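The following features are taken from TrEMBL:
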TRANSMEM  588-611  transmembrane segment
DOMAIN    588-852  domain 'G-protein coupled receptors family 3 profile'
TRANSMEM  623-647  transmembrane segment
TRANSMEM  659-679  transmembrane segment
TRANSMEM  700-721  transmembrane segment
TRANSMEM  746-768  transmembrane segment
TRANSMEM  780-801  transmembrane segment
TRANSMEM  807-830  transmembrane segment
REGION    887-924  region 'Disordered'
Amino acid sequence: MIINMQTLRALSVLFIVNIQLVHTLNYKYLNLTGDLIIGGLLPMHHLKEGGGCSETIVENDGIQALEGMLYAIRKINSEVLPGFKLGLVVMDTCFSDTVALDRTMKFIMQKIKMQQGSNFWTCPNGSEPVAIADENYVVGVIGATSSAESIQVASLLRLFKIPQISYRSTTPELSDKGRYDYFKRTVPSDIYQSKAIVGLLRLLNWTYITGVFEDSSYGEQGFQLVMKAASQNDICVAYSRKMKRYFSSEEEKKKEMNDIVDALNAHNNTNGKIVVVLYAYLDLVEVLFQTIYERGYSGRYIWVGSDAWAAREFTKAGVQMVADGAIALLPLAKEMPDFDKYFTSLTPDNNKDNSWFKEYWEQVFNCSLSAKDCTQHSLAQPKVQIFRRGSSRRGNGTRAYQPDLNIYFVMDAVLAYAHALKEIHSVECPGVNGLCDRMKQNVSQQNFGTRVLTELEKVEFTNFIGLKFKFINGSEGQSRYSIMQYNKMGTPQWKPIGTFDENSSFVLDENFISMTKESICSAPCKVGEALITSRTDKCCWECNPCGEAEYLSTISVCKRCSDGTRPDSNRTGCISTEETYMSHENKYAIVFCVLSTSAIIVTICVGVIYYRKRETPIIKATGTEMSFVILSGVIFSYASSFIFVAYPSPASCGGTRLILGLSYSLVYAAILVKTNRIYRVFNIKGNQPKKLAMISTQSQLLIMAGVVVVEVIILVMWIIFKPPDVTNIYPDNFSNILVCKDSTDFSYLGALVYPFILMIICMVYGFLTRKAPDGFNEARHIAFGSYAFCVMWLAFVPIYFSIQNNTVRIACLCLASFINATVTLLTLFFQKVYVVLCHPEKNTRESVMTRKRMFTIDTSDLDKLSALSKIRGYSVSTFNSFAQTRKNSKRSSSEQHLSTKDLSISTISHDGRKERPNSFPEISSSPAVMLELSDFANRNSLDIPARGSCRERKNTVKVKDGTFIRNGSVKAFATTSFYPICLEIPSENENNEVKKKNPAIVVTPTDEVEDTGY
């Protein structure tokens, strides 16, 4: 069996008393006779250094508490109890647990005497022990005051089943019903006081505090509860210090207090103040405050006190200055005007029951009752102040009587006993006025204390100040507190500034709240900032901001939210990011839809113009059917923007694949077929014309369809084996974008591979057909469009995949398609439309068949002359008759024609006379060669450009059919629908070598050209 130390100590004391058989009373006590006796353990004197009782009277918890008990008993005996009276026996504990334990033994021995008889006790001289309460039995005890005393007393009284009610002990330890089952109290436990203190600190934003508590059960356990509640309410206790309760010497006390002050001074808050929660009894509080005053630190501290020193009067010098502004919690404070009137009316002459009242009178008025004028004072007048120099005078502010605002708690204890005994009396003595024999007999029984305890748990009554009272959980007082503030201005006193009730609600004076400043070591971190605690002070910190996509997993740790989530507004967790997507309501989508619609209208207008002018030479030369196919591809390119900006779905994603590849395939397939036909028509080999295959309109459309079908097959197979789908992407934690899955990688480029191959082939054919007639020659336009296509997509790919914003990416895709279609429209169609609409005079067959390139051939060397044979579409042959014609020429001007099927060559000679035959200037006798296109492709004559390189030569004249002749040499310039040719013939030298080397020159087409509608 485990027995606690308090019980062992109590039993050891009892054992010593029994062995010695001593029962002498060599100290004062109060004895008020009655039918049933209540014992009282009150601190009438302070504890002196080294232990034992001092000569200083305790005013509030001592004299006033005792008078409160006497006041209550007198009212109860006259107003509550039915014919029997309560008596009172009060002993002095001197605020000492050991003294309290010794005084408790007197009540226990009284009970033993009543149960065992008077022969059980004998004094050393053989006489009978003196009864402390006549022959009556102590039915219960009121007290002690401090928790340390009550713990010792409760451990002893429970062994003898004597109930105990404390009016001041608040330690939570006494709530343990397993150890203190006969203990009750009319005040609330410190459990509620700690909640009230922390709630007040939180309300005032005092989150940076220190603590000092005395080395006792009350101090340690009370402050531990504050620490626990503070940690749950984000209040940091930077420093806490246990203060000794007893000291062996004055030097030890002084050193202890100075060490505490030095430690507290290291924890200033941001306002230069130090908030201190002080859990100690008044005597130690005054010693600490006096030390602070002597060291000159008054006004530096903000004190938050417990009920042990709240609403107490300070007597030590300088203590009032240190305590100024202190805040303390007190079980609900209430004034009792009737009791105040009763107490202030007391004098040493009319108060014979109170054994300690004379000492109190002399202490308050600093006089001796042996002096005649000492009794002339009144407790309603100011008390006499004692100063350090030893002189004394009557104060102008402090009254001799400072009412204890919690005096009603001791009265509630008396009332609780009275109502419990009244209930027992109603059962044991029904209808009897006074104690019946049965009740008198039961009082002496061992179990009577248990019966009283049971009735105490059930009592309910209205006390003397009108408050309802009952024991909470059968043993605790109700949790109601007053918040008091000490003010030294004028008359130093405690003033109530608010209340706290059992519902944990505060009512505070608004002026007080407005005047208080927060107590923090560091400014609070903002939302989304991690608190990094300082290494030197656990209550100080630095604030490090978390990343944009991070939240605070703990107060000091930032953690990144997962994909698809973002930090909430408090940055304490992550929430799902709202899904977004491109739609036709987006501003970019609206812009491109408007642009695409406008461009489609323009394209349709171009198509209408082409259709209406389809029989004109310039439109016919472009290939009408292929032009319409190209325009269809351009319209598809513009229309692709509507699909690109559509809501992402498998259907729209599949449509993006199809239209992206098909639009470009239509354009470049048509250009490819068109340039292929031009190349084949104007690249005929050999001297004999031949029929070209697959150049009719139907054939060309069939070829183009076959080219496009390849892309269609590719796209269909792509959709079958890799169906289009949508997915969510998270560029950052604030974006959750629904997109086509193809847009997340390079899949879209697959739709452009085949059109890119077609574009390369078109560029090759454009180069090969660069020398075709102007009406057919679109090499430069095709090349420019192809270059633009390459540059645009090469630039688009890195830009597209480097942009994280999905809206901008889709806008880039729309822009790329728009630009490509526009370039195609401008390069291949707008020039023709401009000629058709603005210059119809150029829309002729002659303009379509015009060539603008020049070649110069030196005919003095047959090897050089043979280069003519390399000109595409021509062959060169020589005629010896040219020399003979030269010989037979007279000096008169003559002209001879050598003709072939399509071309004729004329030689012109002149005599040496200076004559201007046919209005031409005189020239030398050098022969001239003139090429004439007689009837090729329905062209009957040669076209002479307005300006040409041959015309700008010196000494040249214009001759028939476009021949230019110059002295010393002959330049023959001829412009055909294929290639301009400039022939240079050297003049005749002395050896007349030209006759041998300059045969006639004939240029003929190699093949007939079928009229295909160009």
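Cβ coordinates are placed from backbone N, Cα and C, and glycine is handled just like the others.
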Long-range Cβ neighbours of the transmembrane segment (780-801) (under 8 Å; 6 or more residues past either end): 664, 671, 675, 746, 749, 752, 756, 759-760, 762-763, 765-767, 770, 809, 812-813, 816, 819-820, 823-824, 827-828, 831
Long-range neighbours of the transmembrane segment (746-768), counting only residues six or more past its ends (CB under 8 A): 656-658, 660-661, 664-665, 667-669, 671-672, 675-676, 678-679, 683, 707, 710-711, 714-715, 718, 778-780, 782-783, 786, 789-790, 793, 797, 801, 813
Most Cβ pairs under 8 Å with the transmembrane segment (807-830), selected from 588-611, 623-647, 659-679, 700-721: 623-647
Arithmetic mean of per-residue pLDDT over the domain 'G-protein coupled receptors family 3 profile' (588-852): 80
